[in-house]
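Below: one structure, written as C-alpha cells.
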Amino acid sequence: MQETTISILGAGAWGASLANLAIANGNRVRVWSRRGSETLSAVLQGADIVLSAISMKGVREVASQIQSLTPSPETIFVTATKGLEPETIYTPSQIWQSCFPHHPVVVLSGPNLSKEIDQSLPAATVVASRVATAAATVQLAFSSSRFRVYTNPDPVGVELGGTLKNVIAIASGVCDGLHLGTNAKAALVTRGLTEMVRIGNCWGAKTETFYGLSGLGDLLATCNSPLSRNYQVGYQLAGGETLAQILAKLPGTAEGVNTCQVLVQLARQQNIVIPITEQVYRLLQGEVTPQQALDELMLRDIKPEYN
C-alpha cells in the first residue's frame with residue numbers, strides 16, 4: 001500500500017491521539033502546533049490529508065493561513081474539531097469548505113475519549129463526506145484492529161452529533177453532581193438526544209445519523225465519563241463552583257460552553273424547542289442554580305413524548 005502523508009494540525013490530546021493512530025498504520029505523519037518549531041508551510045508540504053484537531057476558536061485563522069499556501073488540488077481536508085463559530089454559526093467543516101470550495105472535506109467524529117485511545121482500548125468512529133472516495137481514503141488511513149472507522153454520507157449530521165452532545169454532557173455532569181440517580185440520567189440523555197435531532201434537522205442533517213456512533217454513541221460516552229471536560233464543567237457547577245473557577249483550572253477547552261450560547265441563539269430565531277439546552281445556558285450564565293434548573297425542567301407543561 002502506498003504511504004499516505006498526513007499533516008495533523010493541533011498537538012493537544014486529540015491531535016496527538018490521531019497522530020499516533022496514523023503512525024501505527026504506517027502513514028507518514030507531521031504535526032503542527034502553535035507552540036511548535038516547525039512552520040505551517042513545512043508541515044503541509046506534500047500532504048495527502050490535512051487533519052485539523054485545533055480548538056474551534058482557531059479554525060478560521062488557520063484555514064485562512066493555509067489558503068495562502070495553495071495546497072495541492074488533491075489534498076483532502078479532515079476536521080476533527082467539535083464546536084460552532086459564534087459569529088456565523090458555521091460548523092468547522094463549513095469553515096474549511098468555504099476556504100477550500102474545490103477540495104473534499106471529511107468530518108471525523110465519534111465516541112472517542114483520547115485517553116482510552118492512547119491506552120489502545122478498542123474504539124470506533126465515523127468519517128463523513130459528500131465525496132465518498134475521500135471518506136474511504138481517510139477510513140483506510142486510520143482503521144486498525146483497535147480503531148474501527150465507518151463511513152457516512154451525512155457530514156452535517158455526523159459533525160453536529162459531536163458538537164451538540166457537548167451541551168447535554170454538561171447537563172449530565174450536573175445530574176451526577178447532584179446525585180439524581182440512574183432514572184434521571186436516562187431521561188436526561190434520551191430527551192437530550194431529542195433536542196439534538198431537532199437542531200440537526202433544522203440544519204438539514206438526517207435523523208438516523210443521530211442514532212449512530214457520532215450521535216448517540218458520542219453522547220453516551222461523553223455523558224458517562226469523568227474524562228470529558230464538558231461533563232466536568234457540569235459536575236463542578238453542581239458542586240458549587242462558578243464557571244470562571246472551573247474554566248480557569250480546566251485542562252483544554254470545554255467546547256460545550258460556547259456551543260450552548262450559539263445553540264440558544266439559533267433556537268430562539270428558528271423557534272426550536274430545546275428546554276435542556278436552555279437551562280444549561282441559564283446555568284452557565286449564572287441565572288439559575290443547578291437545583292432551580294432541574295425544577296424548571298420537571299415542572300414544564302406535560303405533553304406527549306412525540307409530537
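Glycine too: its Cβ is placed from the backbone N, Cα and C atoms.
Listed in Swiss-Prot for this protein:
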ACT_SITE  K165  active site, proton acceptor
BINDING   W14, R34, R35, K82, S114, R229, E255  NADPH binding site
BINDING   K82, G110, K165, D218, S228, R229, N230  sn-glycerol 3-phosphate binding site
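Within the same chain, the residues at least 6 positions away from N230 (sn-glycerol 3-phosphate binding site) whose Cβ sits under 8 Å from its Cβ are N166, V167, A169, I170, G173, T222, A254, E255, G256, V257, listed in sequence order.
Each of the binding-site residues D218, E255 was scored by the number of other CB atoms within 10 Å of its CB, and the largest score is that of D218.
Here sn-glycerol 3-phosphate is bound by K82, G110, K165, D218, S228, R229, N230 per the record. The longest Cα to Cα distance in that group is 16 Å.
Inclusion criterion for the binding-site residues W14, R34, S114, D218, S228: a C-alpha placed within 10 angstroms of the C-alpha of K165 (active site, proton acceptor); this criterion is met by D218. Cα distances from R35 (NADPH binding site) to the binding-site residues G110, D218, S228 are smallest for S228. Taking each of the binding-site residues R34, R35, K82, R229 in turn and counting other Cβ atoms within 10 Å of its Cβ gives the largest count for K82. When other Cβ atoms within 10 Å of the Cβ of S228 (sn-glycerol 3-phosphate binding site) are tallied across all protein chains shown, the result is 23. R34 (NADPH binding site) falls within neither a helix nor a strand when secondary structure is assigned with DSSP, and so counts as coil.
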